[in-house]
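Enquirer: Quick one: the structure is below, and I'll ask about it shortly.
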């Protein structure tokens, strides 16, 4: 067993928003700070890759520092200092035992922890987190140890009962997908009133052994999106997050509850599309990955600079990592780098990000709540529920002779000790039961009791008197309200009997003048009027004024008002009307879009609509079929006929208005 980190500071009771929930945080007013710990892992050379025979561009100096060639000056090197450095010969056990295993103990204290694998594509992030059957990675080792710890701490006879659940998701192209239930679709990320990040609808599977974990995790891992690129045949195309939740419940008083979360995150690698050769879907995936990692860098920079706004919401990844970076978790960042010179720029970028990340400060605290134990209903006698005067009257003569001046003697057992608040006869029984339960709970802890539960007799009598006065005031107000309601009902009944209308009658001689409407007229071409006048048998077509009619109506009249308006009526012979309609129909069926634009009320857009409708549905059977064309209403059809019928009837075409 490796030495674990020292436990957190002792917890302190702080009242929370709920009356039955108490939150435990650190001993100081703010939780103690915990810096993000950063470890760097250098993978060995991979056979068959370009530059495998070249000397490495990175060299480890000791267990915490390394150096890399300076691309600006080849005679110099850049040195980096981290919490841990693992060279090419380091094993999976070395990385797990040195950086990950120490944070598991915090989960049993109700605190959060997270492990992130960061680095360019092909640097070995997935191998570090998952590993292989021969060399298991961080995830299987952490789950095996965590389940062993929970079995030991939750065994019979121990004060805590523990349960473990797991969830597995991926962030693919800014979509949160449940790998345990791929059919659930894109999930949303929410934040509760305490600032905790949660995902409604995410599947949670209870696990009690490592076999249970493998039964759920291995099929879900096959649902993760992977693809082949020039640099990696099985490149991760999404960010994978394994969430393990440890719930603890205390078996004895005060029946506390704790909740710790472990985030195991395998980030997708940043990619240079010029070297990976991504095209099509792979290029789109690469853009989403690089964008989320860019926002991750902005979040780290904002935290280090102390900016007022940290852009967590700019990406689903950073929104989910809000607890891990600048939040309430013990965080470990494992930066994976490659030794080949072709990865030099990616390696420098990963080391710079890791150097900035180790300056981020988190403030972990214990997520602990206190719930009163569910007690059975407390059965109280009539004397216990009555106050001192009522209790004295309820006693018999024999009890009165030998009775003590005090209403009740204190019982010997602390569990049978009753609160003085039991004497309030007007108190709600449910509220009284809760107060008694809390009183017994405090008595079992050896507490002296709250000031309210240990009030002297005089103060208790004053409190009882105040409660009785309030009850009398409430009864008096209720009686007054009933009297007012009865009085109102009597007034309504009297009004119905007398048939007294309350509404005012309108004035008998008030009149309303109808507004004069606008005049409408159709202008006929002068040549057409002259031709019709010259024809011996032609009927003269003129606009005839039907006259103006004005009528005043009194408001006393109940008949609807007749509306009169000035109007103009067009008088035309039926033969010319039919001839004009036929010409319009021929033009609609045979004319081009340019010919149709010569009609009144027909512009370029409507002409194209008419031609398209004619090609799709065939010729028009009548002029009224024009209403079936999309965009032409009945009102527009009426104005169209009035504007075009006279000109076409005379064999002329009027230009567009």
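The backbone N, Cα and C atoms fix where each Cβ goes, and this holds for glycine too.
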Enquirer: Would you mind telling me which of 355-382, 439-466, 467-494 TrEMBL tags as coiled coil?
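Expert: Result: 467-494 is the stretch TrEMBL calls coiled coil.
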Enquirer: Could you tell me which of the ranges 257-288, 289-320, 321-352, 385-416 is annotated in TrEMBL as region 'Disordered'?
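Expert: Feature region 'Disordered' in TrEMBL: residues 385-416.
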Enquirer: Can you tell which of 119, 120, 122, 124 has the most other C-beta atoms within 10 Å, given these are the binding-site residues?
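Expert: Counting Cβ neighbours within 10 Å, the top one is 119.
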Enquirer: CB neighbours of residue 123 (ATP binding site) within 10 A?
Expert: 27
Enquirer: List the residues in the vicinity of the ATP site, defined as same-chain residues other than 119, 120, 121, 122, 123, 124, 125, 126 with C-beta within 8 angstroms of the site's C-beta centre.
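Expert: Here the nearby residues are 43, 232, 269, 336, 338.
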Enquirer: Let me know how many other Cβ atoms fall within 10 Å of the Cβ of residue 126 (ATP binding site).
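Expert: So the Cβ neighbour count for residue 126 (ATP binding site) comes to 23.
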Enquirer: My understanding is the cutoff is Cβ-Cβ under 8 Å with a sequence separation of 6 or more in the same chain; which residues meet that for residue 121 (ATP binding site)?
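Expert: Residues satisfying the criterion: 229, 231, 232, 235, 268, 269, 270, 271, 276.
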Enquirer: Enumerate same-chain residues with a sequence separation of six or more from residue 125 (ATP binding site) and a Cβ-Cβ distance below 8 A; give 'none' if the list is empty.
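Expert: Listed in sequence order: 117, 118, 119, 236, 266, 267, 269, 334, 336.
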